[in-house]
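Following this message is one structure expressed as C-alpha cells.
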Ligand code: PMP
C-alpha cells in the first residue's frame with residue numbers, strides 16, 4: 001500500500017489522497033495549501049463540488065478567454081475526437097494543423113510567416129531560444145546569450161527560466177546549472193505615464209556593450225505577467241525594436257499571456273506598433289481548453305536556419321500539432337476573428353477602471369495597504385504593501401463567491417471576456433474588500 005486514502009468528499013474526490021500524493025503548482029508535498037474540489041465550469045462560473053458557483057476572475061491563468069464549456073469549442077473537440085485525437089506530426093499532416101496555422105498567420109504581425117506548434121508556453125519559449133541560437137550558428141557567428149529585463153516571466157523549463165526574473169524564479173537554487181543571461185532593470189514608465197527616455201538607458205548600454213554575444217532580446221510586451229503584473233509604456237518596446245535593429249539582434253516577444261485580445265489589442269505588441277522577429281503564443285490559443293502553443297518567426301529567420309547546418313530546427317515533440325488541440329484552437333481563433341472580443345474587452349476595461357479606481361484617493365489609495373492600482377484591457381491589478389496570506393485570502397474569496405488567486409503582493413483579476421457587468425462587480429467588490437482587510441495579509 002503506497003497510497004493514502006481518506007473519505008471522499010461528497011463530490012467523490014479524495015482530498016486526503018490529493019494532499020498526500022499530488023503536487024499542485026508551486027506547492028509543497030509536506031505542507032500544501034488547501035485545494036478546492038471542482039466539479040465543473042460553465043461560462044464565467046467555476047462550480048465547486050459542494051455546489052457553490054464562483055465567478056471566475058482568473059480565466060484559468062489567462063487562458064479561458066471565452067469562458068468555460070463554450071459550445072463552439074466543445075463541438076470542435078467532439079467533432080475532431082470522432083476523426084482522430086492524435087497522430088504523429090513527423091511525416092504526416094492534417095487539416096486542423098493547417099487550419100489553425102493559417103488562422104494564426106492571419107492574426108499575428110504580418111512579418112511572421114513560419115509556425116512551430118509546441119506543447120506549452122514554456123516549450124514555445126524553449127523553441128524560440130533554440131531558434132535564435134540556431135539562427136546565429138547558421139550565420140557562422142555563434143551567439144548564446146539573451147538580454148532581458150528584470151521582473152519578467154517566461155516559463156518554468158530551464159531556458160525559459162534563465163530569462164525569468166532571477167529573484168522571483170530563484171536562480172540561486174540552480175546555480176551552475178542555469179545558463180547566465182544579461183538582465184537590465186525593468187521598464188519604469190507606466191503605460192499611461194509620461195514617457196521617460198532614460199528608461200531605455202540601461203538597455204541601450206547593455207546592447208551597445210555586448211551585442212556581439214547576444215542572440216536575442218526577449219520580453220513580454222507591455223504587461224509583465226507572473227513576474228509582477230507590471231504594465232509599462234509602449235514607447236519602451238518601440239525603443240527596444242529600434243535598438244535591436246540598430247545592433248542587429250533578434251527580438252523575441254513572449255505573447256503567451258498577453259496574446260489574443262487580453263490587453264485590448266489582438267497582440268500587445270500592437271500597442272507599440274512593433275513586429276518581433278520571433279513570437280511565442282500559448283494559453284488562450286485554445287480558449288483555455290487544452291495545452292497548445294506556437295513559436296512563430298519571419299521567413300528570413302527560418303531561411304537562415306534552413307540554409308545552415310544541420311538545416312533543420314532541432315525540436316519535434318511527440319504530441320506536436322496534436323489534432324485535437326489544433327481543432328479546438330482553430331475554432332477559438334474563428335471566434336476571435338468574428339471580433340466581438342474588442343467590445344467585450346473594452347467594456348471590461350472601462351468597468352475595471354471605474355470600479356478599481358474607487359480604491360484611489362486624491363493623493364494615493366484608501367487604507368494603508370495599497371501600493372498601486374492598474375488596469376489594461378481585461379486585466380485589473382491591485383498591488384499591496386504587505387504580502388497576502390494565501391490560504392486566508394483564498395478562503396475569503398471562495399466565501400464571497402468568486403475565484404481570485406492572488407500571489408505575493410498582487411491581487412489581480414483577468415476574467416473571461418464574456419463576464420457580465422454584475423458578475424464583474426462581484427469580482428471587483430470582493431477584491432476591493434479583501435485588500436482592505438488586514439487579517440488577510442501577512443505581517
Ligand atoms: N510566458 C509567459 C508570459 C507566461 O505568462 C507563461 C505562463 N504563466 C509562460 C510563458 C509559460 O507557459 P506554460 O505555463 O504554458 O508553460
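Heads up, residue numbers simply count up from 1 along the chain you see.
Glycine too: its Cβ is placed from the backbone N, Cα and C atoms.
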Which of these, 56, 192, 254, does TrEMBL list as part of the pyridoxal 5'-phosphate site with 121, 122, 317, 318?
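So, going by the record in TrEMBL, that would be 254.
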Quick check on the annotation: TrEMBL has 153, 283, 316, 405 binding substrate, so which of 61, 195 does it put in that site too?
61
Given residue 122 (pyridoxal 5'-phosphate binding site) and residue 153 (substrate binding site), what distance in Å do their CA atoms have, once rounded to a whole number?
10
Counting every protein chain present, what is the number of Cβ atoms, excluding its own, within 10 Å of the Cβ of residue 318 (pyridoxal 5'-phosphate binding site)?
10
By a 10 A CB contact count over all chains shown, which of the binding-site residues listed here is most packed: 61, 153?
153
What is the separation, in Å, between the Cα atoms of residue 317 (pyridoxal 5'-phosphate binding site) and residue 61 (substrate binding site)?
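The separation of the Cα atoms works out to 24 Å.
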When DSSP is mapped onto helix/strand/coil, what comes out for residue 254 (pyridoxal 5'-phosphate binding site)?
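Once the DSSP labels are grouped into three classes, residue 254 (pyridoxal 5'-phosphate binding site) ends up as strand.
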Indicate whether residue 122 (pyridoxal 5'-phosphate binding site) is helix, strand or coil by DSSP.
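Where residue 122 (pyridoxal 5'-phosphate binding site) sits, the three-state DSSP reduction gives helix.
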How many Å lie between the Cα of residue 318 (pyridoxal 5'-phosphate binding site) and the Cα of residue 61 (substrate binding site)?
25
